[in-house]
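Look at TrEMBL and you will find 1-26 tagged as region 'Disordered'. The feature domain 'F-box' is assigned by TrEMBL to 47-93. Sequence annotations record features per position, and here TrEMBL assigns repeat 'ARM' to 438-480, 479-521, 520-565, 564-595, 610-652, 651-696, 695-737.
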Amino acid sequence: MSRRVRRKGVQYGEKAAKEAAPPPRSFSATCDGMWLRSGRKEVEEEEVDWTSLPDDTVVQLFSCLNYRDRASLASTCSNWRALGSSPCLWSSLDLRAHRCDAATAASLASRCSSLQKLRFRGTEAAAATMNLQARGLREVSGDFCRDITDATLSMMAARHEALESLQIGPDFCERITSDAIRVVALCCPKLKRLRLSGIRDVNGDAINALAKNCGQLVEIGFMDCGSVDGVALGNVASLRFVSVAGTRCVKWSVASLPWSKLPNLIGVDVSRTDVSANAVSKLRSSSQTLKVLCALNCPLLEDEGNAASYNAKGKLLLALFTDIFKGIGSLFADSEMKEREVFWVWRNSKRADKNLNEVMNWIEWVLSHSLLRIAETNPVGLDNFWLRQGAPLLLSLMQSLQEDVQERAATGLATFVVIDDESATVDCGRAEAVMQDGGIRLLLDLARSCREGVQSEAAKAIANLSVNPKVAKAVADEGGIGILADLARSMNRLVAEEAAGGLWNLSVGEEHKGAIAEAGGVKALVDLIFKWPSGGDGVLERAAGALANLAADDKCSMEVALVGGVHALVTLARSCKFEGVQEQAARALANLAAHGDSNSNNAAVGKEAGALEALVQLTCSHHEGVRQEAAGALWNLSFDDRNREAIAAVGGVEALVALAQTCSNASHGLQERAAGALWGLSVSEANSIAIGREGGVAPLIALARSDVEDVHETAAGALWNLAFNPGNALRIVEEGGVPALVHLCSSSASKMARFMAALALAYMFDGRMDAVASNGFSSEGISKSVNLDGARRMALKHIEEFVSTFSDPQLFSAAASSSTPAPLAQVAELARIQEAGHLRCSGAEIGRFVTMLRNHSSILRACATFALLQFTIPSGRHSEHHVDLLQKAAAARALRAAAASATGPVEAKIFAKIVLRNLEHYQVKPST
């Protein structure tokens, strides 16, 4: 797979939070990187005494840093350590990117006496919050707390009596019950906002406890719950905002009346529920204070109504069938503003309207939440909504002043464009709509934010959108490659992971590979593997995937090797247990080894300790993609003579034969690579014999029968090599290989497949196999009856037909009668098989074709001259090598004899003349 998308964030649960922390680094290394960014050279030259800075300047400097850099900088001296613990720097704490257990929380406790706002990720972090000793906490927000229990939530509430806002979600918190909500109500009398997701049942007793004990409670959100007692919600008289979005069981027929009597109710969110049109109408008509009702993706409502039928003066309905921007604009007195600028105008308004600000902040939050949930489920029939309203809304929400709204909107953009996670397919229309509305610049601006949570989600959106080539170009044109390369160096694993995903997708485009290398992206990706060697499949798979794409480019492949990429990728192939990582590491090694003629990476991979053993072992993986890429890597590596023998020495022959035997029902890609790896190994006669002995002939014949051109062509190449050995040739006959090769020779659409099938048949019936078969025993020493004469007649007939397809009587007649080179050149061009120029023959193989020139069969003589023509065409990749071998074999005499033969076929004569001309071309080449 050459790219990857991610639709949901569920992978970032507690496990990801644990793995997000990087391995320990020395202080000197951390500071060195910091001073380089700050202008280290000037510091050294001017000898600035940083410790003499005023305290308030140092505190301001601390405020611009993340926690990790702040801690490193604080350790420079005792004064700065004290300043680094200043209460003003620790009024809020975001631990989502860090593993936070009880010990970590306890170590932070001395700084948290004035902590007011806390964000964390995972159940372990939720339990550890009590160790922060932050009794004055006012806001707590936790995500991916699927396993949080009543006990943890109750203890959290009991230890933080000053809580004003408690938010746990968006993961379903199915282990929380109404009992914990009652404890929250009893322990947190100052509570103003409560948002909980995925609770199975919120009963009346819990809600009544909130009504009784939390007199300042203005917002309740019970999202994606199993059931909520809607009648009891009507008892919380202080409520201004209610959300039951995604809740499956609310008795709308009885809930709407008590809600309408709430004296302060302003906003209600019933998105993604089965609310009826009647309930919506009753609530809007009965409530005297209601201003906004959000009902996105409510099927019953959408089936029954339209925008006109729900027009109620002063009461805004936000639904898929309403104009949401226009509706929100109606909340403002200034009716001349452009509808899509309503959020921008509000954020930049100098008028302080507390009530309007409260409503708008709530609208932003519920819209971002519901749009993300809708994008995750991706219901059918919403394309028009996404293009006309959904994408512009998400772009507007990305500019919110609320950090969690920004993050959720960026995640929504990353999610709604994806059609299929596994095949990395995005909706082109949606992706380009984001681009055309200025979304790329907005996302890149967010990616440069100092807030790591925003960076991570923006990078994820950029990565997914970049699957579309037009968007990828826009990202590159806007400087996105440099931004992603910088983020890939982040010490926050989640940020680095999403940035690596962006580079992975951008590196698919050939035009972006060089820019990624110039931006330092190759080194950043290699460093990720060393930085988080056990950091989970996410960051490692993305880094390896991006390196695999980059390694396909010759210059970038050299850069990968130069910065330690070979060692990093081999380490992953050897030690990582995640199949996605193994697949990408093997693919990267395959691409590194694919530049045998232009750089030394092929040999370098083979020399890396454990590389070949690891790839051989990966061919036995249960994951087809891993087997395919490992076989592909071994195929490429086998082009190097030393690698070829080393692969065989570590069990490569046995492993690849076993792979070929089991891939009859596998993907065509795996079949091709399995046959290709055996083809590569079989260049060595010792390996060829071993392949035959291990049972490799039968599966290759089966692959040669494939209807897929790439598969049967590669299998034909392997059988051609195997047929050089008489014992293998007999095996091929015994296993029914002659009909398979005859079929290829006559019917394949691939000239190369037909060519190699003809050469395999020529090897099998040039007489060398007869001695092996004459004793009446098979290649396995078992008595078998083989009709060699019938097989020989069939083979020779189709070899002759194959060679004749490259014959033009008129051209051949002109070439035979003319003494000028032009007719021969025309025949050579007609007969040429372009891909055959990539084949490289050994001295023994060339010698065999020279011997075949003297064979009693005129058909084999014609086949030999045709083959030598292909191998010596001047523009061929290995032509000079083949000419040198022909000269050493004294082939000129046999070629002249074939050209002058009175009884041979005209094809043999003309092809022999062309080969002689090719030999002369190289003889005079040095003097020209």
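Each residue, glycine too, has its Cβ placed from N, Cα and C.
Counting Cβ pairs closer than 8 Å and at least 6 residues apart in sequence, the repeat 'ARM' (564-595) and the repeat 'ARM' (610-652) reach three or more and so form a contact.
Long-range contacts of the repeat 'ARM' (610-652) within its own chain (CB-CB distance under 8 A, at least 6 residues past either end) are made by residues 1, 566, 570, 573-574, 579, 582-584, 586-587, 589-590, 593-594, 596, 602-603, 658-659, 663, 666-667, 669-670, 673-674, 676-677, 679-681, 683-684, 686-687, 690. For the repeat 'ARM' (438-480), the residues of the chain that approach it from at least six positions outside its boundaries are 3-7, 64, 66, 94, 96-97, 119, 391, 395, 398-399, 403, 406-408, 410-411, 413-415, 417-418, 424-426, 428, 431-432, 487, 490, 492, 494-495, 497-499, 501-502, 504-506, 508-509, 511-512, 515, judged by C-beta separation under 8 angstroms. With DSSP classes pooled into helix, strand and coil, the tally for the repeat 'ARM' (695-737) is 33 helix, 0 strand, 10 coil. Applying DSSP to the repeat 'ARM' (479-521) sorts its residues as follows: 32 helix, 0 strand, 11 coil.
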